[in-house]
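**Student:** The structure that follows is given in the form of structure tokens.
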Amino acid sequence: MAFLKWVLLIFTLHSFMPTPISSNLSLNKEALAQIPLNFLEFSKKPEIMDWMVNIRRKIHENRELGYEEFETSKLIRAELDLMGIPYKYPIAATGVVGYIGTGKPPFVALRADMDALAMEELVEWEHKSKVPGKMHACGHDAHVAMLLGAAKMLQHNQNDLQGTVVLIFQPAEEGGGGAKIMLDEGALDNVDAIFALHVTARVPIGMVASRPGPISAAMGFFEAVINGKGGHAAIPQHTVDPILAASNVIVSLQHLVSREADPLDSQVVSIAKFQGGGAFNVIPDSVTIGGTFRAFSKESFLQLRQRIEEVISKQASVQRCNATVIFDERFMYPVNSNNKELHEHFRKVAGEILGFENIIEMQPQMGGEDFAFFSESIPGLFFFLGMKETEGAVHSGHSPYFRVNEDVFPYGAALHASLATTYLLQNPTKHTSPPE
């Protein structure tokens, strides 16, 4: 398409004309504002829309768990090959990183997660999961389809891109920390900024939701084994009761938020696992408890982790028991925080596509998101793409009744492509020499 060439022509001509700065800025804004609208028009074409829907349904039928996305990755690579987009594979076992543009700085990344959830789909439809016990109940199949849609548009305009768009197809978002592994293996080397979206049935279609600063909490999981001395329940004086100790531990853990945390600093400690004993008249030797903790700052998160371990160990000792506390490092996610400048860029682009009245500034949520590893490393922007219909039940992510409204695909693809293209135009290279 010629609209990007028109944008670049305006920049070139005005750099040599003695025109006031304000006039340049006005024309530049008009040119930049046209880019998202052209991408949206392109992505709404029936052949593009049908292609994205077909990809999503193929992935939905053959869903794969974290680090097992071999067929999903194969499908992605086949589509990239057809489009003539070079890529690196494998990264983080099944991940794919594609490149569109000059191959030189600046670099901007777009990310889609690929993995499914270990749950049985209860939605009866033509493209229901063919794999028992696995379901795309969080929309990651839609994320892949929309990023491939954006890739098709960007590749169509590759000669006009003023830098390189990096396509991140990431495995294992659902608890596997795939973002961290991709980061460790160099997926974001030389990248200046990264964008990602997530579909949501809580926001109407045609609207988006985000915010500057923290958007989702740091999260961690822990498990504790509390050991005592078992025996007959009728003679408790001959036992050291780990169930009583665990009960006191759970109550004490709740005081970490209610009595130690600043009320204006949101934190959560929840026990979701309690296993101990198997008979009504036998006190067991040990009890296992487990749960999660969340916070919106690194300092609060580390403090909470330290106090959880102290409370469990010391409260168990009060009841004459001993405790072993284990924190699962695979599930330790940092705070997912949006860069303020990127958020303003997102608002401008989304406003041109959807209208500024359809941009919601949301409240932070306590759920975790491993995009946080990316946004902790480089400036990042994470937003939610509304797909709620006016009628019908709303089923949130991780529900066996979760559905994707495929009418949202043109918006997601156009937002991806527009965010990357306009970012490259507005941010000249920061690197002194082109990376290999």
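Keep in mind that glycine also has a Cβ here, set from the backbone N, Cα and C atoms.
Because the structure is a prediction, the values reported are computed rather than measured.
According to TrEMBL, the record shows the following:
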BINDING   Cys138, His140, Glu174, His198, His398  Mn(2+) binding site
DOMAIN    222-316  domain 'Peptidase M20 dimerisation'
SIGNAL    1-23  signal peptide
**Student:** Quick check on the domain 'Peptidase M20 dimerisation' (222-316): DSSP residue counts for helix, strand, coil, in that order please.
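**Tutor:** For the domain 'Peptidase M20 dimerisation' (222-316), the helix, strand and coil counts are 41 helix, 31 strand, 23 coil.
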**Student:** Roughly where does the domain 'Peptidase M20 dimerisation' (222-316) sit in mean pLDDT, to the nearest integer?
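**Tutor:** Summing pLDDT over the domain 'Peptidase M20 dimerisation' (222-316) and dividing by its length gives 97.
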**Student:** Just how many other Cβ atoms lie inside 10 Å of the Cβ on His198 (Mn(2+) binding site)?
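**Tutor:** 22, counting other Cβ atoms within 10 Å of His198 (Mn(2+) binding site).
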**Student:** Using the CB centroid of Cys138, His140, Glu174, His198, His398 as the Mn(2+) site centre, which other residues of the same chain sit with their CB within 8 A?
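**Tutor:** Nearby residues not in the site list: Asp113, Asp115, Leu117, His136, Ala137, Gly139, Glu173, Gly397.
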**Student:** For each of the binding-site residues (His140, His398), count the other CB atoms lying within 10 A of its CB, then report the residue with the highest count.
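**Tutor:** When each Cβ's neighbours within 10 Å are tallied, His140 leads.
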**Student:** Relative to the Cβ of Glu174 (Mn(2+) binding site), which residues of the same chain, six or more apart in sequence, are found under 8 Å away?
**Tutor:** Leu65, Gly66, Asp113, Asp115, Ala116, Leu117, Cys138
**Student:** Please give me the CB contact count at 10 A for Cys138 (Mn(2+) binding site), counting all chains in the structure.
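**Tutor:** Taking every protein chain into account, the count is 22.
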